[in-house]
Number of protein chains: 2
Amino acid sequence: MDRPLNLGLAGIGTVGASVARILTEKQEHFSKMTGRPIEIKAVSARDRNRDRGVDLSGVDWFDDPVRLAQEADIDLFVELIGGADGPALESVKAALGRGIPVVTANKALLAHHGVSLARLAQRKNVTILFEAAVAGGIPIIKTMREALRGNTVSRVYGILNGTCNYMLTRMEREGVAFEDVLREAQALGYAEADPTFDIGGFDAAHKLAILTSLAFGTEIDLASIFIEGISEISLDDIKAAAELGYRIKLLAVAQRTDSGIEQRVHPTMIPAGSALAQVDGVTNAVAVDTDLLGSILIAGPGAGGNATASAVLSDIIDAANGVYVSTFTVVPQSLTAYKRARMRAHEGGYYIRLRVADEVGAFASIARRMAENQISLESIVQRKASDDDGSVAPIILITHETTEAAVRKALEAVSRDGHLRGEPQTIRIETLA
Amino acid sequence: MDRPLNLGLAGIGTVGASVARILTEKQEHFSKMTGRPIEIKAVSARDRNRDRGVDLSGVDWFDDPVRLAQEADIDLFVELIGGADGPALESVKAALGRGIPVVTANKALLAHHGVSLARLAQRKNVTILFEAAVAGGIPIIKTMREALRGNTVSRVYGILNGTCNYMLTRMEREGVAFEDVLREAQALGYAEADPTFDIGGFDAAHKLAILTSLAFGTEIDLASIFIEGISEISLDDIKAAAELGYRIKLLAVAQRTDSGIEQRVHPTMIPAGSALAQVDGVTNAVAVDTDLLGSILIAGPGAGGNATASAVLSDIIDAANGVYVSTFTVVPQSLTAYKRARMRAHEGGYYIRLRVADEVGAFASIARRMAENQISLESIVQRKASDDDGSVAPIILITHETTEAAVRKALEAVSRDGHLRGEPQTIRIETLA
């Protein structure tokens, strides 16, 4: 039997309590895996007296996680505090600075400081493990950092926010409008009181920033991500998508193009018959397109105490086994600067829904604007909108592959022509491998 | 820069040649990953002069892979020879015996000798890596051995044979009969001249035997797997499944039950709206149900030179990084004996297709036999079979959850009653998580 792995646990919320409880309850299970006992040596949390369903009486308590990271007699520091800066950042830096490996579930920390932390870890010859930071229980970090290492990645994309996916699924299945589904999600605890971080696409963007770095060996650049949330998606869009053979998902996509790397989060139409389109409710999924492998898809729970704890525990056992992997796949000195591909250069098909005044020449003018911008149309559907009173003709256009710039220019011209009632709706169509 | 990893490669067929070529072409890519060059030091293959698209002129050649494993100056032995016994087994034993870690893509070797090889590896303190042995490029071995280590698995199941899945997909999409699809698959190289190993379910069974051991920490028991191939699946079954909201896939399933562990490979009806049901063509997929995580699904290419090479390369880099993992998740001394759950005790829903003589009392007698065996029916459909001439009434029964024993007893009684024309067809229904 090897020497125990002494673990310092900072942050004992839902995930931290799950981790502590499972390590205690499954002690025998874990020693079968490693031959090395894992012991919680020190913890840090604000409230010592809260019942967390696990006995932490023999454990060293620290009020300050930074002091825990600096002083505790530990072999591994597990950061479950959260937040991009403050005690999370300071404690992780302190642990790495002492040459102690770190396990973290903190996507914001990595999206903002991942590269500098990776360099610090490299200097100290220790590893940062963060399976739980992206897509909860889905082993996408291990897959990208280890299983795909022979591959050159061309695109990584997925459903990375369970709140949005739950809401879109409910809208599609039950025909419930966005605002009502949001209230329902908030009541169920799937959405926060201020839901902006989720439904605005920012949570998915943080996760995408990390996946981009793993995929392309580039420095993290959260600020360059094009972000569009789901709040403008209407039941009309969802119904039209279904009729056209698509489903609407909030996708996060990072893709290598001729001009750089595209990073984008936006509502996306994907073929209804694809496996990704069946990923419903709070489930997450990530797909990776590569040169050798072709494409793989991993789907599973993206959140929840136990699912996230499962990812943290896998990292803890890797640390117990002395696994060393470079933080973002390649060694930090090989990380290249992120070269942004402008969103205007994005190429793809588009769904465009217009509410057009019912007057002579309106449609001819729209058709002309599309042609002027070299946009060719795959289909044109005239549908009755749910709030249609006869004065407007709702028109849906599906374009062949074109560019974001062409679509924006065409729609600006159409708007100037004065035939539209309300803003045009555009949803990008993603071609899956 | 660390000392290079010297690699011995035994077997340079499609996969071996891909591995050698990619290691050469992507030398810079790999050194970014590991900081350690990977060099092919020795190879073994029958024909030295065949053009394999890669320059192996500076490499030590061995006619006998066992001698390579015994004598070459290598840090890692990569076995891509194939076959459960003979040179594959002898060379792997020789390498492990010298304390050299092994990477292999050989499912038959592991399904037959995995446990004794794991014990030998453990004694020598080296690891056996075999990502490519199950489901080609899908990282299911890494996921089960590493990413799910905190979890207790209740079931692992999947589409593990691309030939069968390709054939079932073609039958469903194009309405082509089994025999015609088989000829087509043989012409395309998706099926062997003697297709028994694939369409009889034996290939999937070999892979399942390995997954079972990883899932439950039990010794491998290939002989206990219940195996039924796809050759009895007719277009009538496929059409009926579609009408009832199912698709038919050859599933391999290992499941913990009250009486032991069930291992079974058989055509299976799964809900048409599930992500697994969208896994078409030669694509493979594996799902794992666990206590902490819930369920995850991984889908991707199950075969092909580059996809399989991708898995081998991931193992090679793990070996270069000194990763040590117990062969079947738990340390070999903790592997427990496999306790077989009898197939007769299997519980689930059943699709039963009967061709019944068009005579008075026939259906009443069938209904009575079902009731006598406590089988309750979810639906009863009378369909016109494609070869129906009016003298038989084709009847399809979907049962509620019952047991294999009850279904067999009921169908034996129905057969004895003399109303059937031809053998009854039964297809098990799998409930997905």
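In case you wondered, yes, glycine gets a Cβ from its N, Cα and C as well.
Copied from TrEMBL, the annotated features are:
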BINDING   A:Ala10, A:Gly11, A:Ile12, A:Gly13, A:Thr14, A:Val15, A:Gly16, A:Ala17  NADP(+) binding site
BINDING   A:Lys107  NADPH binding site
BINDING   A:Glu192  L-homoserine binding site
ACT_SITE  A:Lys207  active site, proton donor
DOMAIN    A:351-425  domain 'ACT'
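Recorded features from TrEMBL, shown on the structure.
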residue	record	Cβ contacts under 8 Å, 6 or more apart
A:Ala10	NADP(+) binding site	A:Val43, A:Ser44, A:Ala45, A:Phe62, A:Pro65, A:Leu68, A:Ala69, A:Phe77, A:Val78, A:Glu79, A:Leu80, A:Ile81, A:Pro87, A:Ser91
A:Gly11	NADP(+) binding site	A:Ser44, A:Ala45, A:Pro65, A:Glu79, A:Leu80, A:Ile81, A:Gly82
A:Gly13	NADP(+) binding site	A:Leu80, A:Gly82
A:Thr14	NADP(+) binding site	A:Gly305
A:Val15	NADP(+) binding site	A:Leu80, A:Ala105, A:Ala132, A:Gly305, A:Thr308, A:Ala309, A:Val312
A:Gly16	NADP(+) binding site	A:Leu9, A:Ala45, A:Val78, A:Leu80
A:Ala17	NADP(+) binding site	A:Arg52, A:Gly53, A:Val54, A:Gly305
A:Lys107	NADPH binding site	A:Ala133, A:Val134, A:Asp203, A:His206, A:Lys207, A:Ile210
A:Glu192	L-homoserine binding site	A:Gln186, A:Asp198
Spatial neighbours, same chain, of A:Ile12 (NADP(+) binding site) - Cβ under 8 Å, 6+ residues apart: A:Ala20, A:Val43, A:Ala45, A:Arg52, A:Leu56, A:Leu80
For the NADP(+) site built from A:Ala10, A:Gly11, A:Ile12, A:Gly13, A:Thr14, A:Val15, A:Gly16, A:Ala17, further residues of that chain with CB within 8 A of the site's CB center: A:Leu9, A:Ser18, A:Val19, A:Ala20, A:Ala45, A:Leu80
Secondary structure at A:Ala10 (NADP(+) binding site), reduced by DSSP to three states: strand
DSSP-derived structure type at A:Val15 (NADP(+) binding site), helix or strand or else coil: helix
DSSP-derived class (H/G/I helix, E/B strand, else coil) of the residue listed as 'active site, proton donor': helix
Number of Cβ atoms other than its own within 10 Å, given for A:Lys207 (active site, proton donor): 25
For the domain 'ACT' (A:351-425), the mean pLDDT of the predicted model: 90
Helix, strand or coil at the residue listed as 'NADPH binding site' [DSSP, three-state]: helix
DSSP-assigned states of the domain 'ACT' (A:351-425) in counts, ordered helix, strand, coil: 25 helix, 25 strand, 25 coil
